[in-house]
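**Student:** Below: one structure in structure tokens.
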Amino acid sequence: MAASSYVDGERDMEKGGMILLQSSENQNPMIDPSPTPSPSATATAPALVLSNSGKRMDQAGKKKYVKQVTGRHNDTELHLAAQRGDLAAVQQILKDINSQMEGILSGEEFDAEVAEIRASIVNEVNELGETALFTAADKGHLDVVKELLKYSSRESIAKKNRSGYDPLHIAAIQGHHAIVEVLLDHDATLSQTFGPSNATPLVSAAMRGHTEVVNQLLSKAGNLLEISRSNNKNALHLAARQGHVEVIKALLSKDPQLARRIDKKGQTALHMAVKGQSSEVVKLLLDADPAIVMQPDKSCNTALHVATRKKRAEIVELLLSLPDTNANTLTRDHKTALDIAEGLPLSEESSYIKECLARSGALRANELNQPRDELRSTVTQIKNDVHIQLEQTKRTNKNVHNISKELRKLHREGINNATNSVTVVAVLFATVAFAAIFTVPGGDNNDGSAVVVGRASFKIFFIFNALALFTSLAVVVVQITLVRGETKAEKRVVEVINKLMWLASMCTSVAFLASSYIVVGRKNEWAAELVTVVGGVIMAGVLGTMTYYVVKSKRTRSMRKKVKSARRSGSNSWHHSDFSNSEVDPIFAI
């Protein structure tokens, strides 16, 4: 019963099994389908290769597909036919789908089902993740590729195998330019694929010297020149390393500036070329851009250093013949090309390289007169000295700033002490002046008026005592209402208050002298006159002396300001100190 269910399903097991398409009416539901055909099965219907998933798929109870595979990597019959390049076998496998579906479905349902089965067969992958199209592109079977493209989906064409390559990329690697052309004509965006290490098809083809493939890719996607591998090596780097002359010509004709591009090590294509054996490649690169002959990499190696280290005698001779070549440039290790050559094992190539270098005037590093290095050392020393000076200046400015803060603090404390002292003195003046009006000289009458109210001395006493009182009170009011904090502003207020205190002192003195005439009486006026002379001389002397020094101090400050202004206008490198910033700040009062 089980054997009869696999109609014409048996094939040679060494070639592998196949998928059987059959009607569900002829299948015993109690028998588990197996991918291994029964030896007793009779062949009446062709087989279809559909899937290597190993699963049974039942659709609407009408049909069943059973997977059978063969080959090293679970290849289907379609894979094997594509690998052989057997176009007839490929066409037969795809054609058998129609014959097997006849009688089961019809009309649009038939066409849709056939298309679905055909797509499943064509897009099937083996254990390596390769479709039949990939296999045909890898082996270079153009006709098979064209046939499979008719039934391949966009995802299948761009599908990568486990190594990271798609059909276009593998065709470029193998140099199958006709297949590359067919695939690009089918879908030009396939050229934008990336393989391992971010390699494009152009990079892979250039590295292997497939000139026709390179030309095909450049004609369809010129932007591939701008895309490098993950190490920043582009197609020109890799082609130059392998010495592919025609590929170099094709790439440079597309973009001559490509010769200047560097990889992560700072190497140009010339650095890569001198590692190889082709002098012609070196000539092509130098013709495209002669300046790159002295372009160093990140280790300061020029092409001459690299060629010497690789013992490329012919290339060394070519480089030394160029007028731009300097045979005495130093690497980061402070070595010239001659130092490198002398460090090579003794051989015919190393001896010839040393001869070429000697003829070109090459010297050892310790023999060089190195003014540039000395200049660099001097400049470095100057930079260090300037840096030290700047640091010292910075520290000095910081110290000056701190000293300035301390001076402002001391100055503010001095002003506060002065204002406090002035306040105390002003209060004393006001107290004396206020008390004097109630204890007038000569006593009072019964009605409270002064006994000597009619005398001129009493009137002088009364007026100047009042002036002393109100002046002192004004000073007290200013002192208790002033908002402190601005040194210069407080200083100006103190100057004004000092003048008021002078006035209060003078008024108090006059009031005292006037009251002395009242107290001593007319018989002893000589005593009052003596007190007047003594007091007047003392007060006049003190006030006159203070006035002189105040005026002199103001003149001195004015001269200093002029000198500072002249210095500031002559040099823009100095700025106003924080201490002077408070000079223009206003006075704020409650």
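Using N, Cα and C of the backbone, Cβ positions are placed for all residues, glycine too.
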**Student:** Looking at 25-44, 565-584, which one is region 'Disordered' according to Swiss-Prot?
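**Tutor:** Within the set 25-44, 565-584, Swiss-Prot attaches region 'Disordered' to 25-44.
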**Student:** How do the residues of the repeat 'ANK 6' (265-294) split into helix, strand and coil according to DSSP?
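**Tutor:** The breakdown for the repeat 'ANK 6' (265-294) reads 20 helix, 0 strand, 10 coil.
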**Student:** Determine how many residues of the repeat 'ANK 1' (73-102) DSSP places in helix, in strand and in coil.
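**Tutor:** Helix, strand and coil residues of the repeat 'ANK 1' (73-102) number 23 helix, 2 strand, 5 coil.
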**Student:** Using a Cβ cut-off of under 8 Å, list the residues of the same chain at least 6 residues beyond the repeat 'ANK 7' (299-329) that approach it.
**Tutor:** 265-266, 268, 270-271, 273-277, 279, 282-283, 286, 290-293, 335-338, 340-341, 344, 347, 349-350, 352-353, 356-357, 359-363, 368
**Student:** When secondary structure is assigned with DSSP, how many helix, strand and coil residues does the repeat 'ANK 7' (299-329) contain?
**Tutor:** 15 helix, 0 strand, 16 coil
**Student:** Across the repeat 'ANK 7' (299-329), what is the average pLDDT of the model, as a whole number?
**Tutor:** 94
